[in-house]
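Residues annotated as active site, proton acceptor in TrEMBL: E80. The annotation active site, proton donor is assigned in TrEMBL to K179. Look at TrEMBL and you will find C213 tagged as active site, nucleophile. Residues or ranges marked as domain 'CN hydrolase' by TrEMBL: 31-308. Per TrEMBL, signal peptide is recorded for 1-22.
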Amino acid sequence: MLPSQPLLHTAVFALAVLQALASDTFIAAVYEHAVILPDATDEPVSPDDALALMNKNMDVLEGAIKEAAQQGAHIIVTPEVGIYGWRFTREAIYPYLEDIPDPTVNWVPCTDPTRFAPAPVQERLSCMARNNSIYVVANMGDKKPCNASDPSCPSDGRYQYNTDVVFDPEGKLVARYHKYNLFMSETQFFNYPKEPEAVTFETPFGKFGIFTCFDILFREPAVVLVSELQVDTVLFPTAWMNVLPFLTAVEFHSAWAMGMRVNFLAANTHNTNLSMTGSGIYAPDGAKTYYYNMKTEDGRLLVAKLDSHPRLSPASPLAVSWSSYASSVKRFSPNDHDFEGLIFHDKFTFTELTKPEGNITMCQKDLCCHLNYKMAGKQEEEVYVLGAFDGLHVVEGQYYLQICTLLKCQSTDRNTCGQPVETAQTKFEMFSLSGTFGTNYVFPEVLYSGVELAPGEFEVLTDGRLMSKTRPTKPVITVTLFGRWYEKD
């Protein structure tokens, strides 16, 4: 006699747990989703129309979740706004929101959908997790009523939060995170928690933490989760608009994983009109797999194996003293090749690399950047510079940066240095970049022509030098040490 469906599901889940417990590794998946968007309108649609649009997107996500589970994945991360998109006013998004309870209620929406207010999205996500015996991470909107006596309560009497949810392989809601650092265009939500939330949960394959997109540039919750709560893996739904030369999704997210010495699962929204692409599965020793595609509107499932406890792995990088080497280098006086330029509104000090090899130092305020390099056949029409920035960034948020960078200029005109560049022809025999950083939070980036990462081709020494391990195989766009001085915020 065949086992009943509940018994079969229990057996499958128990087997998955035992397999995870028996191994120091796990299989992770992320899905980059080309979101099906609603028609642009300032007026709310009916709840039925809102659910119909969300079901179209969830149909796609469900296909990716099934495929990930078939490939043995234990967890899958899907993107920020991946269920309904972003074309909303505060009023227009309301029909898409659900009341998401605190996970302490011990709720499996798939088997008990009517326990709380109608929650068809949570019910379906729960069933996706349960039916495929996989952790499912998704982003959706939460609504919470508030009292007029609360001075922060909006005039419409409700809070609206950009929210991540996590369902375990039985379909239980195990995590809920309200985004704390909203990007300037998120007027449909406007609300954020009164205090930042540090959300973690335990799995058979490590301790996990979660935050969303713009949160990564701030101490809370990002640094708190890793440095204080010691999570093994960070889950990162995002709708990341790429900004070359430093804030392209794949380069910054892989650098953040290396700098923080943590696993990082980044699932991005895909929309080339808004420069949204770039998802990946990253470990402290580099990218395991990633996807960057600005040519077509295709989604992509990525699957890779990770160490469950990366800090205990032999491949985990050692702690770095970021200013150790550069502090011993002689500080040179400005020369005729020094000039100023802008990168993403920040005023850098640059010096041009006029020779095919050399040792040069560039300083701005307290930050001195040192570069030792050798080019392999420099192209005459290409200009490279060493740049330094030490100061407060004030555009879409306020945060302190210290950045040392070797980068290719857009043209031979110095005024183009710092503008977006995606291709290059000049290769380097070697490079070594370091800086006198005042912070321990420094993220190493190497980006090749075609917006490609360089996994395994560079290393960070314990004295703070970012060095090529072997002769770089492709032309270089940028080699960067991106310092985020959280302590000065």
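Including glycine, each Cβ sits where the backbone N, Cα and C put it.
TrEMBL labels come from automatic prediction, so no person has curated them.
Other Cβ atoms within 10 Å of the Cβ of E80 (active site, proton acceptor), summed over all protein chains shown, number 27. Take the CB of the residue listed as 'active site, nucleophile' and look out to 10 A: across all protein chains shown you find 26 other CB atoms. Its Cβ taken as reference, K179 (active site, proton donor) is surrounded by 27 other Cβ atoms within 10 Å in the chains shown. The residue listed as 'active site, nucleophile' and K179 (active site, proton donor) are 9 Å apart (CA-CA, integer value).
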